[in-house]
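Chemist: Annotated substrate binding site per TrEMBL: A:Thr185, A:Lys211, A:Thr236, A:Glu326, A:Asn465, A:Ser470, in sequence order. The active site, nucleophile feature in TrEMBL is assigned to A:Thr236.
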Protein chains: 2
Amino acid sequence: MASILLKRLMSTITLKAAPSKAHHHGPLPATSFPAGFVLGGLHAGVKKKAGVPDLAVILSTSEHPTSAAGCFTRNAFKAAPVIVSDDILKRNGGYARGVVVNSGCANAVTGKQGIDDAWAMVKETDKLLPAKETSQFAHETLVMSTGVIGQNLPISKIVEGIRSSPKVLGSDFAAWERAAQAFMTTDTFPKLRSRTFTIGGIEYRMAGMDKGAGMIHPNMGPASTTFASTKQLHATLLGCIMTDAAVSPRSLQSALTYAVDRSFNSISVDGDMSTNDSIYVLANGAASNGTPVIDEETNPDAYDVFKRELTTFAADLAKLVVRDGEGATKFVTVTVKGAPSYRDAHNIASRISTSALVKTALYGEDANWGRILAATGSVPLLPSAAGAPAPVINPTKVNVTFVPSDGTKPLPVLVNGEPEQVDEVRAKEILSLEDFEVVVELGMGGDGEAQYWTCDFSYEYVRINGDYRS
Amino acid sequence: MASILLKRLMSTITLKAAPSKAHHHGPLPATSFPAGFVLGGLHAGVKKKAGVPDLAVILSTSEHPTSAAGCFTRNAFKAAPVIVSDDILKRNGGYARGVVVNSGCANAVTGKQGIDDAWAMVKETDKLLPAKETSQFAHETLVMSTGVIGQNLPISKIVEGIRSSPKVLGSDFAAWERAAQAFMTTDTFPKLRSRTFTIGGIEYRMAGMDKGAGMIHPNMGPASTTFASTKQLHATLLGCIMTDAAVSPRSLQSALTYAVDRSFNSISVDGDMSTNDSIYVLANGAASNGTPVIDEETNPDAYDVFKRELTTFAADLAKLVVRDGEGATKFVTVTVKGAPSYRDAHNIASRISTSALVKTALYGEDANWGRILAATGSVPLLPSAAGAPAPVINPTKVNVTFVPSDGTKPLPVLVNGEPEQVDEVRAKEILSLEDFEVVVELGMGGDGEAQYWTCDFSYEYVRINGDYRS
């Protein structure tokens, strides 16, 4: 059949080297990295190719206590580093000073040996932490791994790498970038961002890196959370954010959980959830200069500002993953408005962003609102209370609009449930852009609104993932 | 980037005509069609190409009352024929004698005009039903449409077609096949099956047709049912099954709901749920010969046999849709065993069958159990009772096995949570078959077991659905 012919044909095509997407990793100001962190990346030998960084070590050197929070994959097959890091965060009540990350091997589905290996990474990194009289914790390092599933780590190489890492640790731009490079697997560029923000007249910094290109549809929460039963579920995504603000452990976790739902949990490349997804945030207070610790209860105004900064920063990092999505040629923002609740809006935006028919239409630059509508209508809405009837979409209230990223006029394609006579030339103009937005207004009288970021589904995606043992 | 180059390249490739998949529509015995039905297909002019059937009319001519049941899409944007047919079934308490079907236009998102057009099809077909003194119903015809969304039906052509249909109506093989052809849209072959079965010493017949190739991931229930909040949701699929058994309306609906969940609701081509999915069953009692009506309460043994026949027959029809899936090169059975409940097993089988990473690996003939495991683990299991904690998969109890369709030895790839040293040559042998099975045993001590039928994800799928306004 035609597919077999195509398969043969595609396997004989030597693709021209893809132009780099590295322009998305723009030059970052060298002065805006948080105080009190040293970090670096090096080649430990997990990856075969010599010199390619595959191990990152991040240490807080602050005198102030360093709070830490994590959001982990909700997958039932949690990888060893997820299990071990969750354990450490719980034991310490939300304090940790070190992070160690390897790429090239996920240490997932590796049984007892995998757990031992993850602990070995933690213990070796613990030894690098500056001695601190106040530290009462047995272990202060969180661990992350990404790469192939079902293979054991080359743990002696990794331990040797951690031991030798002090010679590469630094706090300048080159050190941050090298650490970000060590996170990469199929990523085509390192993903590093930094910013400054002000709370109560004091300037703080936030910087971080993430990775991910395929198996991207995270659903993370504080570990030991169970699935929200109605949540759409489906990446290895790893991320680590550092700030020199002082935040209480409880409020750091609460802010991270909120931020992750509106950032990393709002992106999809292929709708598949990984066993390793992990996001950590470390707040070391190195710039707090004796001001009160940021806390939701005792210091709500400061907390609100911090939560907002963390959320938009996390969204910036998350969008980089979609821009680097396997085979992606488009970056599409899906906005759902007028839903009964945020959760309903999020579920619908997720379904549209995951639909193979919507994503192939985006690739084909086709303003196919019928597929968007079918995806929207396939999501069950949530009852407002247990036992209450689920709300029902009124098709005659629904609007769908394509919004170009270049500031020119939006194009309504469905108005109050009635198809518009679409100007095909204008539709093609918008859909041929690399960036645009699809807005679905449900008109249900609620203020539920959510955004999702997705990419298109291309031949290249099939090639990357259909290749034998990719 | 590479994708753009590929996109250009693909658009310039003239694909060799795909070899027909019509061998799946094998020759059917001409004598096994149910008594008391006349039907036919004709070209009414919905489709542009002259002579291509686009209108089917099916009439029960039995003297016995004809019960009817339906399962409809749970999509919020239900097409006009779904709304109208549901209304008629409800008004009549489960009786209907006619079915009218058009392909080429879905009559979906067509507002008030769409509803009027669906009623016009019903009323015109009602006129063809043999006069019956006992008939107390205003309308006795169910309607189905499939094709492009957002366009109005060429209703005068359709009404003219229905008027002229008596000259093509018949009860021989040619009439059944012509009706099945009129269901087709992107289908590459008509989908018609028939069988005989015996209850209480009396031989009955069951025959039916369906259609579908893309936007296939149905989730249908008796209309006015709401979503089960934890059900994975995501075709146009149309089907119509006729039998000459006598079944009470209540039990016909109950048997159909059970059968649809284990057949049409257990297939996926692309994970997208349509606005038009509808399956009808008509039982006209023409062969019942005065025996008691089959009913779940008054006649449970007979009911159980009927339900089992309907379920396996519906599964036969459903599998034909997967075999004709857009771009499909593989037919893969996904079996999940040892789950706490049927619903858990069904949800996991659905998620595996929908995963883009699993489906591209199937296309690539790659025994990538890591992707299967990640998909399995991404599904939230259901609490056994409201408020009870959700069950948790124990990774060390999980087995994954590839089972070839040629009767040769199965290949375990994960045993008790530990990866096997996979014989790559043997894996390639199995995965290069057109048919094979993936068995996931959760080992949770439950007897929850479900099967799903899916296909792979190919370049051809992207080509078909990425083409401008496909």
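Here the Cβ of each residue, glycine as well, is placed from N, Cα and C on the backbone.
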Chemist: My list of binding-site residues is A:Thr185, A:Lys211, A:Thr236, A:Glu326; which of them have a Cβ under 8 Å from any chain B Cβ, in sequence order?
Modeler: none
Chemist: What count of other C-beta atoms do you get within 10 angstroms of the C-beta of A:Glu326 (substrate binding site), across all chains shown?
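Modeler: I get 28 for this one.
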Chemist: Determine the most Cβ-crowded residue among the binding-site residues A:Lys211, A:Thr236, A:Asn465, using a 10 Å radius around each Cβ and all protein chains in the structure.
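Modeler: For the binding-site residues A:Lys211, A:Thr236, A:Asn465, the Cβ with the most other Cβ atoms within 10 Å is A:Thr236.
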Chemist: So if I draw a 10 Å sphere around the Cβ of A:Thr185 (substrate binding site), how many other Cβ atoms end up inside it?
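Modeler: A count of 20.
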Chemist: Looking only at DSSP and grouping its letters into three states, which state does A:Lys211 (substrate binding site) belong to?
Modeler: strand
Chemist: Is A:Asn465 (substrate binding site) helix, strand or coil when read with DSSP?
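Modeler: Where A:Asn465 (substrate binding site) sits, the three-state DSSP reduction gives helix.
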